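Peer 1: Let me give you the structure first, and then I'll get to my questions.
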Amino acid sequence: MSGPNGTTSFPLGFTPVTVTGPMLVAHLLNCGLLGVLTVQAYIYYIAFPRDHWRFKALVALAYALEIVQTMLSIHDAFRVYGSGWGNLNELDAIGLIWISIPILDSMISMLSEMFYTWRIYSLSRNLWLVVVILTISLVELGAGIYEGVACLRLNGLAEVPIKAYKLAIVWAGAAALAEIVITCSMFYYLREAKKESHVKRTTTLLTYLIKLSIETGFICAAVALAGLILFITSPTTTCYQVFALCASKLVSNCFVAVLNSRIDIVGGRNASDETDLAMSVSAMRDTTRQFGNMDTLAPFGTNRTGAIKVEITRDLEMHPSSMTLNEDARKLERRGDCCV
């Protein structure tokens with residue numbers, strides 16, 4: 001970026017504001033989303049200690065990769081806004097972007113897509129659909145790694161929209177396509193499960209899971225498409241980095257959010273009737289211990305001298321969001337319990 005007289009100049013069409021502004025926003029959002037992911041990962045390990053070790057390892061690996069990606073992005077942020085402040089050459093330098101965005105983004109996205117692919121297979125047993133999704137994910141991973149290596153060989157960010165144009169389109173396009181296919185597949189098979197269910201609570205939970213799948217899938221696909229569109233339409237700015245740098249964080253957050261959706265908050269809007277019933281029976285027992293004589297609490301017209309027997313008939317069912325974590329949630333077990 002040196003001019004004919006040895007002075008520092010900016011690439012044609014670029015301005016400092018259109019480069020530094022989006023980059024600053026991208027770094028701030030990236031760090032903020034890591035904080036959200038930290039809370040989600042903590043909640044997951046506290047709430048589900050008995051989950052299979054594979055799911056725990058998947059969350060841990062995704063979180064570790066996100067930490068590495070954030071550290072690399074912070075290094076670039078300090079290089080541009082700290083040690084290299086005022087140096088236009090630092091603004092155009094590739095730095096560690098070649099690994100923090102295309103390579104790590106594609107690796108983290110594939111972890112999430114592998115999980116969703118396994119869930120879809122558990123729901124549908126459709127091997128061809130699994131092959132299609134995995135093929136798209138492998139294309140995304142390969143294009144991301146190739147894009148990173150290609151960016152490493154460039155002289156600056158100004159050359160990315162010129163010399164790495166096709167690779168970026170394949171990488172971002174495959175990422176968006178994978179999210180769209182996964183979202184549509186989850187919606188279809190969960191809707192089919194909802195049609196087969198005749199239990200109100202099961203249909204309610206399946207409706208919630210359908211909404212969650214659509215929302216998370218839409219967010220991930222929209223971010224990938226937005227980054228791709230900005231990369232094509234605004235090549236003289238770094239606006240695409242706002243979406244490209246944060247894409248992996250959104251994917252990881254959505255992935256862990258799906259795992260945490262099994263949490264049932266006592267007293268919340270989605271609290272199960274079974275939980276409320278257990279609390280009522282527990283409160284009745286505590287009252288019995290406190291007063292000692294149930295005669296004062298027995299309702300009118302009941303046997304005031306005998307023991308109170310509470311008969312409970314309930315439907316036991318698994319939260320649909322964990323149907324692939326343990327067993328098929330569409331199997332409903334009826335049983336009666338007696339509490340004295």
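Note that Cβ sites are derived from N, Cα and C of the backbone, with glycine treated the same way.
Note that the structure is a prediction, hence the values are computed from the model and not measured.
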Peer 1: TrEMBL lists transmembrane segment for one of the ranges 95-115, 242-262; which is that range?
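Peer 2: Among 95-115, 242-262, the range TrEMBL annotates as transmembrane segment is 95-115.
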Peer 1: If we skip the immediate neighbours and take only residues 6+ beyond the ends of the transmembrane segment (127-149), which ones have a Cβ under 8 Å from one of its Cβ atoms?
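Peer 2: Non-local partners: 98-99, 101-103, 105-107, 109-110, 113-114, 116-117, 120-121, 164, 167-168, 170-171, 174-175, 177-178, 181-182, 185.
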Peer 1: For the domain 'DUF6534' (175-262), provide the mean pLDDT of the predicted model.
Peer 2: 88
Peer 1: What are the helix, strand and coil residue counts for the domain 'DUF6534' (175-262) according to DSSP?
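Peer 2: Across the domain 'DUF6534' (175-262), DSSP assigns the residues as follows: 77 helix, 0 strand, 11 coil.
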